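Following: one structure in C-alpha cells, then a few remarks.
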Amino acid sequence: MEINIVFIVILIVILSAGFVSAGDIVHQDNVAPKRPGCANNFVLVKVPIWIDGLENTEYVGVGARFGPTMESKEKHANHTRLALADPPDCCSKPRNQLTGEVILVHRGNCSFTVKANVAEEAGASAILIINNQTELFKMVCESDADVNIKIPAVMLPQDAGSNLENYINNNTRVSVAFYSPKRPAVDIAEVFLWLMAVGTILLASYWSAWTAKEVAIEQDKLLKDASEEFLQVGSAGSSGFVDINTMSAVLFVVFASCFLVMLYKLMSFWFVEVLVVLFCIGGVEGLQMCLVALLSSWFQRFAESFIKVPFFGAVSHLTLAVCPFCIAFAVVWAVYRRISFAWIGQDILGIALIITVLQIVRVPNLKVGTVLLGCAFLYDIFWVFASKWLFHESVMIVVARGDRSGEDGIPMLLKIPRMFDPWGGYSVIGFGDIILPGLLVAFSLRYDWLANMNLRAGYFVWAMTAYGLGLLVTYVALNLMDGHGQPALLYIVPFTLGTFITLGKKRGDLKTLWTQGEPERPCPHLQLQPLQQKD
C-alpha cells in the first residue's frame, strides 16, 4: 500500500498540470508592439492546397503582424495559383512576371516587410514565406516607420514549404487559399469536461465519506464493547489513508515547482514515454481499487478471502481477478494512445486514479485545506502567467502540451476533442484542478455525515456548487482569452475556500472546522461507565 501511495502522490500532486486549455489560435506579443499598418494579431491560418485542380492537403501557417486581416470563412477565400520567387528570397525585384499569383519565398537575407513590399510591387496577390525551421515564427515589422502593405503574408513550416516547392518544380499546377476560421464561443467539449470534473469529485466525495462513516461506526462499536486496555490500541480502520499536514501542504509548492522545471528542461520524446509508464502504473492501481470497491458487494466472498502474494503480501481473490484486466487496459491504451479515440482510455484511467487519490489522501481540517489550496493558488498563477518573465514562455502550458517531445501532451490530463471547432484539438483540464479542490469538497461531505447533517444544513452542497461555479468561470475566462490556457485554481480556490470559510463563520462552526476537522462525538465507552458504577 505504501508503494502505491507514493506512486499516486508523485503522479498526481507533483506531475499534474494545473490549468485548463482549449488551444489558442490568436497570439498576443508584447515584444512586438502594434503601430499603424502593423497591428494584426498573430493568428493561425489554414492553407488548403490544390494540385492540378484537385484538393490535396491542408497546411497550417501563421499570419503576419502587417497586411490585411485574413478571411474567416473558406468560401470567401480565393483559390490562387502559387508561383516560386526568383530570386528565392524575394529581397529584390522578381525576374518572372507576376499577374496576381501567390508568391512562395524563402526566409532570410532581408526583413519580412521588404519581401512583402517587393512581392506587392511585382504584382503578387499574397506572399507565402517558408521558414527555415519546422516551427512557425511570428513575422513582425522590423523598422520604426509606418507600414502600408496591402497583400496577406503567411509563414509555413519548412517541411510544408519544401513539399510545395517540389510540386512546382515537377511542373505541377499548385493553387492555394488563405483563411483563419474563428472558434465557436462555446464548444460542447467544455460542457462534457465540466460534467466530467464535477462528477469525478462527486463520486470520490461520496466514497470517501462513506468510508469515513463506516470507520466511525466500527470505532464506536469497538469502544462500546472494549476493555480499558483495548482503549490504548490505535483506532481501527484508519490504516491506508494519508492525512496531509501543514508542512506537507507548504512543501507541495517547492517540490511541485522543482519537478515542473525539471520536466520543462528535460522534455523530450523519451521523457514523455517515462511519464506514460508512470501514468499507467498509477492508472492500473486506481482502476483496480475502483473496480474492487464496486464489485465487492456482488462478490463478497471473493473480496473477503485472501491469498499471500510475494512482494505484495495478502491480496484478495477479487483483486487478483480484476488486476489482469486493469493491466491489459492500461497497456492497450499506451500502445494505441495516438489514435483518434484513445482519449477515452486516458480519461477512464485518469478518473479512476483521481477517485482513488481522493479516497486515500485526506485533508484533516480546514486549516490544512486553506494552506494547501492557498499554496496551489499561488503555484498555478506563477507557472501559468508569471513564469513567462523568467523563461519567455508559460512553463506550465509548455509542459502540458508536451512541446519539444513530438507527443500530443503529457498524459496527466483529462481531455475531450473539440467537436464543433474548425481547428480541432482538445479541451483539457489538469488533474491538479480536480484533486486539490476535490480534497476540500470530500472533507466537507465527511464532516456532514459525521455530524449527521442533511444536504441542506451541511457544507457539501455549497462546496460542490462553489467548485462547479469556479470551473464555469474558468471556461468563461478561457473563451474571453481566445483559448489561451488559464490557471483554473485562480478562479476555483476563491469560490470553494471562500464559500467554506464564510459559511463556517456564519454558522459558528469555523473553530471546529479549522482545528478539529470533525464534530465532537460522545465516547460510548465513557457513557457506559456511570451505569457500571451504579451496579
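Just so it is clear, glycine is given a Cβ too, placed from its N, Cα and C backbone atoms.
Noted in TrEMBL for the protein shown:
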SIGNAL    1-22  signal peptide
DOMAIN    87-164  domain 'PA'
TRANSMEM  191-209  transmembrane segment
TRANSMEM  244-264  transmembrane segment
TRANSMEM  270-299  transmembrane segment
TRANSMEM  311-335  transmembrane segment
TRANSMEM  341-361  transmembrane segment
TRANSMEM  368-386  transmembrane segment
TRANSMEM  423-445  transmembrane segment
TRANSMEM  457-478  transmembrane segment
TRANSMEM  484-503  transmembrane segment
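Taking every listed stretch (191-209, 244-264, 341-361, 368-386, 423-445) in turn, the largest tally of C-beta pairs under 8 A with the transmembrane segment (270-299) is reached by 341-361. With a cut-off of 8 Å on Cβ pairs spaced 6 or more residues apart, the transmembrane segment (368-386) and the transmembrane segment (457-478) reach fewer than 3 such pairs and are scored as not touching. The stretches the transmembrane segment (484-503) and the transmembrane segment (244-264) are not in mutual contact, being linked by fewer than three Cβ pairs under 8 Å (pairs 6 or more apart in sequence). Summarised by DSSP class, the composition of the domain 'PA' (87-164) is 17 helix, 14 strand, 47 coil. With a cut-off of 8 Å between Cβ atoms, the residues of this chain six or more beyond the transmembrane segment (191-209) that come close are 20, 293, 347, 351, 354-355, 358-359, 362, 414-416, 427-429, 433-434, 437-438, 441-442, 444-446, 448-449, 460, 464, 467-468, 471-472, 475. Taken together, the residues of the domain 'PA' (87-164) have an average pLDDT of 86.
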